[in-house]
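Engineer: So Swiss-Prot has the following annotated:
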BINDING   Gly711, Met712, Ser713, Gly714, Ala715, Gly716, Lys717, Thr718  ATP binding site
DOMAIN    71-284  domain 'ABC transporter 1'
DOMAIN    678-918  domain 'ABC transporter 2'
CARBOHYD  Asn10  N-linked glycosylation site
CARBOHYD  Asn557  N-linked glycosylation site
CARBOHYD  Asn575  N-linked glycosylation site
CARBOHYD  Asn620  N-linked glycosylation site
CARBOHYD  Asn637  N-linked glycosylation site
CARBOHYD  Asn1068  N-linked glycosylation site
CARBOHYD  Asn1226  N-linked glycosylation site
TRANSMEM  427-447  transmembrane segment
TRANSMEM  455-475  transmembrane segment
TRANSMEM  488-508  transmembrane segment
TRANSMEM  596-616  transmembrane segment
TRANSMEM  1038-1058  transmembrane segment
TRANSMEM  1080-1100  transmembrane segment
TRANSMEM  1114-1134  transmembrane segment
TRANSMEM  1136-1156  transmembrane segment
Amino acid sequence: MDVPMEKRENDTIEEAHEQDDIEQLVGDFVASQTGSSERLGDIVFQDLSVIGAGVGHELVNNVPEALNRLLKLASPAAWWSKRPAPSRVLLRKLTGTIREGEMLMVVGRPGSGCTTALKAIANMREEYLATEGNVWFALNARHSTADPDRASHLEQDLQTVLQLMGLEQAAGVRIGNDHIRGISGGQRRRVSLTEAFCTRASLYCFDNPTRGLDSSTAIRFLNVLRQYTTRSRCATVMSLYQASDVAVSLFDKILVLNEGHVAYYGPASSAKRTPQDGMQRPVPLRPADFEARFWESSFYQQAVDAAIAPQSTASLPKPSGYALPFYRQIYECTVRHYQIFLTDRGTWIAEATGTIVQALLLGTLFRDQQDVTQGLYTRCSALFFCVLIMGLQASAEFGNTFVQRPILLKQKALRFYRPGAYALGQILADIPWKLIFILYSLPIYWMINFQRTAGHFFTWLVCLYMGLMALSVMFRAIAVFTNSPTRAVLPVGLLLNVFIMYTGFYITPPGMKVWLSWIRYLDPMYYIFESIALNEIGDGSYQCSSDHIVPRGAKYNDTTFQTCAVSGSVPGNLNLSGNLYILAEYGFKYMHKWRNVGINAAFFVFFAILVTIGMERFRNATERMSTIYYQKLPWTNTSTSDLADVEKPPVTTDLGGFDVTSNDEAASSRLEEDHHVFAWEELSLELGDGKRLLHEVSGWLQPGSMTALMGMSGAGKTTLLDTLAQRINIGVLSGGLYLDGCPLPQSMGRRTGFVHQNDIHLDSSTVREALQLSARLRRPESISLEEKMAHVEVIIKLLEMEDIADAVIGVPGAGLNLERRKRVSIGVELAARPDILLFLDEPTSGLDGNSALSIVQLMRKLSNAGQTILCTIHQPSSQMIEQFDSLLLLIPGGKTTYFGPLGPRCKTIIDYFARYTRPCRDTENPADYLLEVSSNTETDWYQIWKESPEFLSTQEQLQDLLHEKEDASSSGSDKAYAVPYLEQLGVVTRRAFINYWRDSDYVLGKVQLNIWMGLMNGLTFLQLSNDLADSRGRMFSIFVSVITGPVLSLQIEPRFIILRDQFLARENESRVYHWSVFTISALLVEIPFTLLGGLIYWLLWHYMVGYYYTSDRAGYAFLMYELYSLFVASLAQLTAALFPTVLAAQTATGFVWLVVNTFNGPLSPPPLTPRGWRWFYNISPLFYYIEGIGTNAMHALDITCKGSEIQMFNAPLSETCGSFAAEFFNMSKATGYLINPDATDQCKYCSYADGDQYVSAFHPH
């Protein structure tokens, strides 16, 4: 395709047009600031130092280490000793000034203190132990005025900002996340930057904002900031790890940091010259040496002179200004929460479905209750379920609080709203939403046949609603004052467990132990249950059921000599007052009905205030940032205090002189040359809505070649990489993938390496363990274990990871830094020795320029050694791009604009584009040039490519390669997995156990949960006697042991999901091990910890309650409880496996356990259950557990009734009680006994004679 010369001339002025557009849009945005806020003016900082927690390295906090720390805390000597917390200096004596309208670039390798400097200048100091020095602002007050037309200005500004950031097309699209599909990663990054930009701040601090953006988009964003900073007279501070010459030219000043030391601060134009001036003998080697040279320079003296604060200055206050008043912040937050509810349809549809299913299940289970005494227990059981649903629903609040916390902290820093306004807005949004949730439960009320009057219905509704609101803010308050979800599970679980126990149903208030009965007064569930029980039963009248009439039979026709064997009955009267029953059985008083609603309202107000205060106190945790945790410390003869000052040798771009192609002693482990040709032809990927992500993309990878995949954000780079690696699972894919001209073998997954952009690792594994697992499971079984381990050590040396080989990978900020994690990611794939090719997705993203070049040079060495590499890359420098052999360049829509060799100094591809557009300048980065010219939407680069001679040449070469067919599996095994199944299971189970062992919070949390819940059960039913109430207590104590299940599930599910996500994201795609290996290993590793927790709980519970101590009965009870504990673990993992996130799984846990517990026996005894549901008992594990352990506990237990439990009836004249009731006791279904058979007037009857009779009422078998 011939492009006219005029077109190429027009392309040369496109930059000027784009610059004019930016200036116009920025001008409009600045002009709309009718109510300009107060400006800080010049920012001055003098001798600014920051001290952080920790010393940079620690032992990993595994179970033995945690126990050791607990023992030390238990020592009285530890109580009085006041050893200072370990600390280290993160930033040292930073001095300088940022004038109005200036931009300061902060440069340094990761860990040098760039982020710390930005936070210190922005006055965000709560994360650090201490800060020293001062930050001032010159007083330059610009008083704000009210905007009379705020709504129209907001809409205008929105459109302006969307155009500035290139987000017009994404304006109405859901942002999404790792689990919810939305906009692209680059667009998501721009949304975050736009959010901060819209604050109209006087001081902007951006920490590596161009990470994840292509160079063209990055330069545009920096241009926008340059224009806005100049026009609005604000100040901008920004750290950049990979800054091009074009980017540097936009800044006024540069700050260079090295391990917290200032190496340079001054004008950007002098930054290159100053290091050269410092290279005088002796040459500075350590960061402190460079700092000393800087202090001797004229630039330091200029910074000190500028930092001498004039008279009209004041200390920089903590940020306090908000654009909106507090009440308006509450309103905006409330509206936002409504929008979240309405747009997150999946969550509320699932919640509504689950609640309605629960309501229908319970409604059919307890349906059509009649006004007879036999239905009183089931009616109260149904009321208890209404309360239980509220408790389980409210307990899920704690998980959602942690999900929202990062967003809240970010927007708090941006001064969008006070955290207290967010809290109150969330509570106000809950007011109608919780009511809707209760309305889902309406089938319960109408199907069960609760009292059908408006007064009773709305009283039931109000009681449940107010109780739900109180419980919700109560559990939310726990989350607000807890640092992590793992630690919040303990108080949430214990509180839920205690609240359920003391609802008043399991153990009635008259039967509560004196020392624990006070708990019910702090239990909102108790107040709900008492009110709805009084509302439903208190003013009713119930006819005595035939089974409750004593004595009964053909002989007994006169009710004068009969009674109803139910609490609250009157001798000679077979009609029972609901008020007397509820008072005698539960101790509930009718006058408390509305009082309880008021108490729950007070609970709601109190904890709402507490949540508001707690959110106002939200801080980023003062963690030991940038700390590396070791399995064992690599230093043995150096004290901790000394280690903080030891300078580590600098990491150079040279790989330690290790030559992967040399014939040294590691020759046996070096990379074998790859002889496979990987090709793809006419690949297209189309979504269901017709959108094309890839469009007829063709190409190939020659053995030992290194190919770059580039394009603008949203061009489809990662999509193409995932497609080539067979990791795409959306849309319709057409075209072909070939290895040596043949279809891909099933072993393709494990014979290729894939380095993810996000560095997916199990945080508890050490570097060496991660590489060893990859080598053991992905290399063929024919290779000995010794050879695999030797190869791992070679890779560790190759990647210069000897000093961190035994370090736990951790998470960013509490583990390895970004560059080291990237090396680990590459090492994991190299340990598997992929013999086909190696995919890398953005391996240099987030790294500084030196580290990025080091990674690319490493890839070059691997390629030279025979490894085929395909790599996506966003912002390569000219040095980096020249390391590649070929380039595949995409534009939005997944269309190809070029595929072929780069040529020496990229001359081949530059000459190609220069035929159709402006030439590349001598000083211009070729990568920036290619992205800039290909982003011109006025030129149809795809059509130019299709009609170019280069395209025809590549097509001919592709067809030649496809016709040179060779069996791709001939050079290696075509098995999907490299090693046998049992070896997979052993290796993965060992890793899972180590993962648990190094998470002391999880293991000790499980122990603590079982200790506290066992103690609560044991103390609540302490040393029960043989009377009727305590016999009931024996049965319900067993049921209380069952309600530990939801609590333990909340703790098990996050651990399972962490392992599952690791498997699905990387190991499953790479065919490391079979999916069933994961599920079995996850269950196997849970067993010992589950059995330990079960043992602790059972010992505390069984003997405190006073069950049988004999070995046969105690042994049976122990076996049954351990089996129940295993069932809990397996059910929790099943629930977690069915849901994508921890929050979704924990929300579903309440529903799952409600269904499971419904058919356990005591809550809905089989004799009273409708026939349509009785089959469910045959498949209910909890029914067998309670039946077995209940029968074991109650068999041959003689029951004696105390005074209040005795039922009275009169005997006829001239007859003793025994003779009169003889016919009744001869009946097969008769239970109980007469206490005074020889009496002739009032007969005293006990409803049950022994435990077997009592159990038969719940379990007829």
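Any Cβ shown, glycine's included, is placed from N, Cα and C.
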Engineer: Which stretch from 427-447, 455-475, 1038-1058, 1114-1134, 1136-1156 shares the most C-beta pairs under 8 Å with the transmembrane segment (1080-1100)?
Structural biologist: 1114-1134
Engineer: On a count of neighbouring CB atoms within 10 A, which of the recorded positions Asn557, Ser713, Asn1068, Asn1226 is highest?
Structural biologist: Ser713
Engineer: Taking Asn575, Thr718 as the recorded positions to compare, which has the smallest set of other Cβ atoms within 10 Å?
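Structural biologist: Ranked by other Cβ atoms within 10 Å, the recorded positions Asn575, Thr718 bottom out at Asn575.
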Engineer: List the Cα distance (Å, whole number) between Asn557 (N-linked glycosylation site) and Asn1226 (N-linked glycosylation site).
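Structural biologist: Here the two Cα atoms are 17 Å apart.
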Engineer: Report, in whole Å, the straight Cα-to-Cα distance of Asn1068 (N-linked glycosylation site) from Lys717 (ATP binding site).
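Structural biologist: Per the Cα atoms, Lys717 (ATP binding site) and Asn1068 (N-linked glycosylation site) stand 22 Å apart.
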Engineer: Can you tell me which recorded stretch out of 455-475, 488-508, 596-616, 1038-1058, 1136-1156 has the most Cβ pairs within less than 8 Å of the transmembrane segment (427-447)?
Structural biologist: 455-475
Engineer: Across all protein chains in the structure, which of the binding-site residues Gly711, Gly714 has the highest Cβ count within 10 Å?
Structural biologist: Gly711
Engineer: Work out how many Å separate Asn1068 (N-linked glycosylation site) and Met712 (ATP binding site) at their Cα atoms, rounded off.
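Structural biologist: Distance between the two Cα atoms comes out at 30 Å.
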Engineer: Using Cβ atoms and a strict cutoff of less than 8 Å, what residues sit near the transmembrane segment (455-475) while being 6 or more residues removed from its termini?
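Structural biologist: Residues packing against the transmembrane segment (455-475) from afar: 386-387, 390-391, 393-395, 397-398, 427, 430-431, 434-435, 437-438, 441, 445, 492, 495-496, 499, 524-525, 527-528, 531-532, 535-536, 593, 596-597, 600-601, 603-604, 607-608, 610-611.
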Engineer: I'm a bit unsure how to read this: which one of 596-616, 1038-1058, 1114-1134 has the highest number of Cβ pairs shorter than 8 Å with the transmembrane segment (488-508)?
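Structural biologist: Between the candidates 596-616, 1038-1058, 1114-1134, the best contact partner of the transmembrane segment (488-508) is 1038-1058.
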Engineer: Pop the mean pLDDT for the domain 'ABC transporter 1' (71-284) in here, whole number is fine.
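Structural biologist: The predicted confidence over the domain 'ABC transporter 1' (71-284), as a mean pLDDT, is 73.
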Engineer: Please list residues from the chain of Ala715 (ATP binding site) whose Cβ is under 8 angstroms from its Cβ, counting only those at least six apart in sequence.
Structural biologist: Leu890, Ile891, Pro892, Gly893, Gly894
Engineer: With an 8 Å cut-off on Cβ-Cβ distance and a minimum sequence separation of at least 6, pull the same-chain contacts of Gly716 (ATP binding site), or say none.
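Structural biologist: Looking at Cβ-Cβ distances below 8 Å from Gly716 (ATP binding site), excluding near sequence neighbours, one finds Leu693, Leu694, Leu890, Pro892, Gly893, Gly894.
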Engineer: Identify which of the binding-site residues Met712, Lys717 has its Cβ surrounded by the largest number of other Cβ atoms within 10 Å, counting every protein chain shown.
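Structural biologist: Within the set of binding-site residues, the most crowded position is Lys717.
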Engineer: How many whole Å apart are the CA atoms of Asn1226 (N-linked glycosylation site) and Thr718 (ATP binding site)?
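Structural biologist: Counting only the Cα atoms, the answer is 82 Å.
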Engineer: What is the interatomic distance between the Cα atoms of Thr718 (ATP binding site) and Asn575 (N-linked glycosylation site), given in whole Å?
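Structural biologist: Distance (Cα to Cα, whole Å): 76 Å.
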Engineer: Do you know offhand how many angstrom separate Gly711 (ATP binding site) and Asn575 (N-linked glycosylation site) by C-alpha?
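Structural biologist: A Cα-Cα distance of 84 Å.
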Engineer: If I take the alpha carbons of Ser713 (ATP binding site) and Asn575 (N-linked glycosylation site), what is the distance between them in whole Å?
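Structural biologist: Computed Cα spacing between Ser713 (ATP binding site) and Asn575 (N-linked glycosylation site) is 78 Å.
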Engineer: Tell me whether Lys717 (ATP binding site) sits in a helix, a strand or coil according to DSSP.
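Structural biologist: Going by the DSSP assignment, Lys717 (ATP binding site) falls within a helical segment, counted as helix.
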Engineer: Determine, to the nearest whole angstrom, how far the Cα atom of Gly714 (ATP binding site) is from the Cα atom of Asn575 (N-linked glycosylation site).
Structural biologist: 76
